[in-house]
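Over in TrEMBL, the protein carries these features:
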{"type": "TRANSMEM", "residues": "20-38", "note": "transmembrane segment"}
{"type": "DOMAIN", "residues": "42-226", "note": "domain 'CAAX prenyl protease 1 N-terminal'"}
{"type": "TRANSMEM", "residues": "78-101", "note": "transmembrane segment"}
{"type": "TRANSMEM", "residues": "121-145", "note": "transmembrane segment"}
{"type": "TRANSMEM", "residues": "172-190", "note": "transmembrane segment"}
{"type": "TRANSMEM", "residues": "196-217", "note": "transmembrane segment"}
{"type": "DOMAIN", "residues": "229-464", "note": "domain 'Peptidase M48'"}
{"type": "REGION", "residues": "294-314", "note": "region 'Disordered'"}
{"type": "TRANSMEM", "residues": "350-372", "note": "transmembrane segment"}
{"type": "TRANSMEM", "residues": "378-403", "note": "transmembrane segment"}
{"type": "ACT_SITE", "residues": "Asp412", "note": "active site, proton donor"}
Amino acid sequence: RGVMALPGELWSELPAEKRIFCSVLLFSWAVYLWEAFLAHRQRRVYRTTTHVPRELGQIMDSETFEKSRLYQLDKSTFSFWSGLYSEVEGTMILLCGGIPFLWNLSGQISGHAGFGPEYEIVQSLVFLLLATLFSAVTGLPWSLYNTFVIEEKHGFNQQTLGFFFKDAIKKFIVTQCILLPVTSLLLYIIKIGGDYFFIYAWLFTLVVSLVLVTIYADYIAPLFDKFIPLPEGELKQQIETMAKNIDFPLTKVYVVEGSKRSSHSNAYFYGFFKNKRIVLFDTLLEDYSALNKEPAEGEDGENEETKSKTKNKKQGCKNEEVLAVLGHELGHWKLGHTVKNIIISQMNSFLCFFLFAVLIGRKELFAAFGFYDTQPTLIGLMIIFQFIFSPYNEVLSFCLTVLSRRFEFQADAFAKELGKAKDLYSALIKLNKDNLGFPVSDWIFSMWHYSHPPLLERLQALKDAKQE
């Protein structure tokens with residue numbers, strides 16, 4: 001025993017910073033292996049379920065079933081390799097001291113611009129810019145492959161290469177325009193906030209998130225997609241009537257040209273208090289979807305930005321089904337799900353800032369990641385929020401997934417009470433078909449990942465009402 005020390009003794013003899021560093025790496029790999037195990041189980045379902053199960057016979061034809069099986073199999077394989085790359089990259093950055101290296105480089109750059117070490121906020125912004133640039137560049141090949149190989153192969157991609165790059169550059173610039181000023185103000189508040197800085201920092205992030213939610217659809221989203229008011233007609237009248245019946249303070253209904261980038265469909269609402277707007281993707285609407293329209297004579301079906309691919313089969317939902325989908329979405333509002341999610345998110349945010357205030361003075365946390373002489377606030381935020389809180393974040397994420405599934409069932413039940421059970425039933429089948437969702441899933445994978453209940457469970461809950 002004197003010759004061979006036990007692992008526990010070796011561990012306790014390690015300095016605190018080494019124990020922190022090893023724990024962070026071990027936990028990161030434990031999460032990755034757990035995710036890989038779940039994905040492997042789900043891939044086995046995709047590989048072995050080659051025929052439409054009996055209970056799906058009425059819902060899905062074998063051709064769509066096979067298409068969705070192959071699509072999900074490709075997505076799962078891609079997810080495995082991109083996840084492995086991401087994990088290895090993160091590990092290498094930590095092992096090779098990538099974070100202190102980038103911090104020192106940022107100091108040199110800001111020093112050349114005439115800002116010495118006392119200008120910590122300037123150095124922090126340079127660090128952020130370089131880190132997000134690195135992330136964008138290393139993520140680009142994966143994004144290109146996903147869009148132009150997988151989504152293209154299965155008929156979803158509507159973008160040209162030029163549109164993709166223009167979009168990516170625009171996204172990067174808009175992100176920096178928001179991220180850099182917000183971060184500099186947050187760091188300034190933490191610096192001057194005294195003992196109760198965590199309260200001011202939390203209030204600041206609360207205000208920022210509310211402002212962003214308010215301006216997103218009016219000022220940010222239109223930079224990327226074209227929003228047009230839903231034309232006057234039967235659908236608009238029906239939407240307004242439904243909103244009025246449940247006291248939803250609707251001010252505008254928009255159609256967004258989602259078909260410019262993808263043929264996946266969606267709908268959502270946004271806005272505070274008495275100023276609510278509904279946004280429908282054109283791919284959700286059978287009557288408005290560009291994907292259902294034949295190109296006009298003389299058009300080759302492609303313009304400089306997007307490839308308008310004509311489909312043999314109709315995509316989207318009929319008006320009654322669109323109303324049923326909206327009935328579900330408005331159910332989230334009526335049942336207070338949106339407010340509950342905001343409250344949970346803000347309670348979590350406050351708790352994280354409070355714990356950050358408790359931990360920020362611990363030098364061993366900084367030393368664990370290669371910061372022996374300095375304790376920059378931005379690095380502290382990154383270490384504590386990203387690495388130290390990761391076990392807590394995993395548990396929270398799982399709890400929110402469970403809660404989200406519960407909310408989805410409740411919103412379906414609300415649409416059912418509005419008399420939309422039959423239309424929601426057929427809409428869910430159509431949307432599942434349009435988006436090539438695979439209706440069979442491994443139970444652990446589904447429990448851990450699905451924020452929406454599996455299709456069969458939702459249909460079963462609606463079926464009872466349909467038959468009444």
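Note that Cβ sites are derived from N, Cα and C of the backbone, with glycine treated the same way.
The shown structure was predicted, so the numbers you read here are calculated from the model rather than taken from an experiment.
Relative to the transmembrane segment (121-145), the listed stretch 172-190 leads the set 20-38, 78-101, 172-190, 350-372 in CB pairs under 8 A. Non-local neighbours of the transmembrane segment (78-101) in the same chain are 21, 24-25, 28-29, 32, 35-36, 39, 43, 138, 142, 145-146, 150, 369-371, 379, 382; each lies 6+ residues outside the stretch with a CB under 8 Å from one of its CB atoms. Sequence-distant neighbours of the transmembrane segment (172-190) (same chain, 6+ residues past either end, Cβ-Cβ under 8 Å): 120-121, 124-125, 128-129, 132-133, 136, 197, 200-201, 204-205, 208, 212, 220, 223, 377-378.
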